[in-house]
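Feature annotations, courtesy of Swiss-Prot:
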type	residues	note
ACT_SITE	Lys81	active site, charge relay system
ACT_SITE	Ser156	active site, charge relay system
ACT_SITE	Ser180	active site, acyl-ester intermediate
Amino acid sequence: MTDIIRSDAATLAAKIAIKEVSSAEITRACLDQIEATDETYHAFLHVAADEALAAAAAIDKQVAAGEPLPSALAGVPLALKDVFTTSDMPTTCGSKILEGWRSPYDATLTARLRAAGIPILGKTNMDEFAMGSSTENSAYGPTRNPWNLDRVPGGSGGGSAAALAAFQAPLAIGSDTGGSIRQPAALTATVGVKPTYGTVSRYGLVACASSLDQGGPCARTVLDTALLHQVIAGHDPRDSTSVDAEVPDVVGAARAGAVGDLRGVRVGVVRQLHGGEGYQPGVLASFEAAVEQLTALGAEVSEVDCPHFDHALAAYYLILPSEVSSNLARFDAMRYGLRVGDDGTRSAEEVMAMTRAAGFGPEVKRRIMIGTYALSAGYYDAYYNQAQKVRTLIARDLDAAYRSVDVLVSPTTPTTAFRLGEKVDDPLAMYLFDLCTLPLNLAGHCGMSVPSGLSPDDGLPVGLQIMAPALADDRLYRVGAAYEAARGPLLSAI
C-alpha cells in the first residue's frame with residue numbers, strides 16, 4: 001500500500017492503463033490511509049467510499065474490455081474541496097448553516113471530474129465559505145498540518161493540501177479567492193495552481209466573492225497538477241464569467257519544463273513582495289536560493305516594480321467583504337440549509353436573523369458586516385469605489401511588468417506555517433498572511449506555488465510563487481516543472 005499512496009498520479013494512471021494495478025486497488029489504498037490517519041489530520045469532512053469504489057470499478061471494467069479511457073487521469077482518485085456541489089454527498093462549505101445539505105446537481109467541475117473517470121474520495125475541510133487562511137474557521141474543527149501537528153495547513157483549502165501531504169489522495173481540487181490554493185500548497189510542500197480567472201467554470205462553486213473565486217488543481221508534482229488542470233479547464237456556457245478561449249497546453253509545458261532549460265525565459269522578482277516587515281529570514285533565504293536556481297537554469301532574472309501592490313491588501317479586504325455581503329444574503333433560512341426559531345410564532349425576518357446568527361461563524365459575520373458597511377449609501381464611493389480603482393491600478397502594474405518579463409516570482413507566504421490558535425483572535429495578522437497571493441486574484445491572472453525547500457528557521461516547508469498573465473497558464477508549468485526538476489522532489493514528513 002505504501003508504494004501506491006506515495007506514487008504520483010501520472011505513474012498511477014500509466015499503471016492502470018497497462019493493468020499493472022487497478023483503480024480499485026489505488027482507491028482502496030487511499031481510503032485505508034484516510035481511515036488510518038484522518039482522526040489525526042481531519043482533512044476530510046465527508047468520505048464517499050462506496051461512490052469512489054464504484055467509479056474505480058467502472059474504469060477497471062473499461063481497462064479489462066480494452067476500451068479507450070476517458071482521460072489521462074482515469075482511475076486516479078481525488079479529494080474535492082467542500083465548496084463544489086455534489087449531488088451524491090453533502091456540500092457544507094465548512095459552515096453549520098449548510099450542515100447536511102445536499103445539492104440537487106453537480107458543479108461543472110465535479111461533472112468534468114466524473115466524466116474523466118476520476119473517483120472522488122470525498123469532500124475536504126475548509127474555512128467557512130472559504131473565508132480564512134488557516135482552516136481554523138471551519139465549523140467542524142481545524143485541519144492539522146502533516147508536517148507538524150501543532151501548525152496550520154493554510155487556508156481556506158487546508159483540507160485538500162493536508163490530504164495530499166498525508167498521502168490520503170494523489171490529486172485534489174481547491175478554490176482560490178485570495179490565495180486559498182497556493183497558500184496551503186506552500187505550507188504543506190505540495191503544488192497548487194490558481195488558473196486564469198474564467199478558465200475553470202464557477203458553476204456550482206458556492207460563491208464567496210464572485211469576481212475573485214477560481215477553482216484549481218492541486219497535487220504533489222507539477223506534471224500531476226497540469227494533467228488535472230487539463231481535465232477541469234474549458235469554457236462553460238452555464239457560467240457567465242467563463243472565458244471562451246483556448247486552454248493553454250499546460251501538460252506540454254510541464255513536460256517541456258522538466259528538461260530543465262529556461263534559457264530565454266525572463267523572470268521578474270517583485271520588489272514589493274520580497275522582504276520588509278513580516279517576512280521570516282528563512283523564507284527569504286529559501287526564495288533567494290530559488291531565484292539563484294532559476295538563474296542557473298538559464299533564466300534572465302531582473303527586479304520588477306509593482307508600486308500599487310502596497311495597497312492590494314486594503315483594496316482586497318474591501319472588495320471581498322462587499323461581495324460576501326451580497327452573496328451570503330441568499331442564506332435566508334427560507335430556501336435551503338439551517339432554519340432556527342421557526343415555531344410558527346415568529347416572522348420570516350426573525351427566523352432569518354436567528355438562523356444567520358446561529359449558522360454563521362465569527363469570521364463570516366465579521367466580513368458580512370464590513371461589506372455591508374462598505375456598500376452603504378454614505379460610504380460606497382469612499383470605500384468600495386476607491387478599492388475598485390486600486391484594483392485597476394494593480395492590474396496595470398502587472399500589465400506593465402509583463403512587457404519586460406515572462407513570469408514574476410515571489411515567496412508564496414511571508415512566513416512558514418504558524419501555530420494553531422496563534423492568529424485566530426487577531427484577524428489583521430491573519431489577513432496579512434495573504435499579502436503575496438491576493439494581487440493575482442484582483443487582476444484575474446494565474447499563479448502557482450511550488451515547493452522550494454524547508455526553512456532553516458524551523459524546518460517547515462516554503463513555497464515559491466510563480467505568476468503569469470491571463471491565459472498564459474502554460475508559462476507557470478514550464479518554469480515550475482524546470483525548477484522542480486532541478487530542486488528534486490520534496491515529500492511530506494510522515
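Glycine too: its Cβ is placed from the backbone N, Cα and C atoms.
Structural mapping of features recorded in Swiss-Prot.
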residue : record                               : DSSP class
Lys81   : active site, charge relay system     : strand
Ser156  : active site, charge relay system     : coil
Ser180  : active site, acyl-ester intermediate : coil
Candidate with sparsest Cβ neighbourhood (10 Å radius) among Ser156, Ser180, the listed active-site residues: Ser156
All-chain count of other Cβ atoms within 10 Å of Lys81 (active site, charge relay system): 31
Between Ser180 (active site, acyl-ester intermediate) and Ser156 (active site, charge relay system): CA-CA distance (Å): 5
Pairwise CA distance, the residue listed as 'active site, acyl-ester intermediate' versus Lys81 (active site, charge relay system), rounded so that it is a whole Å: 11
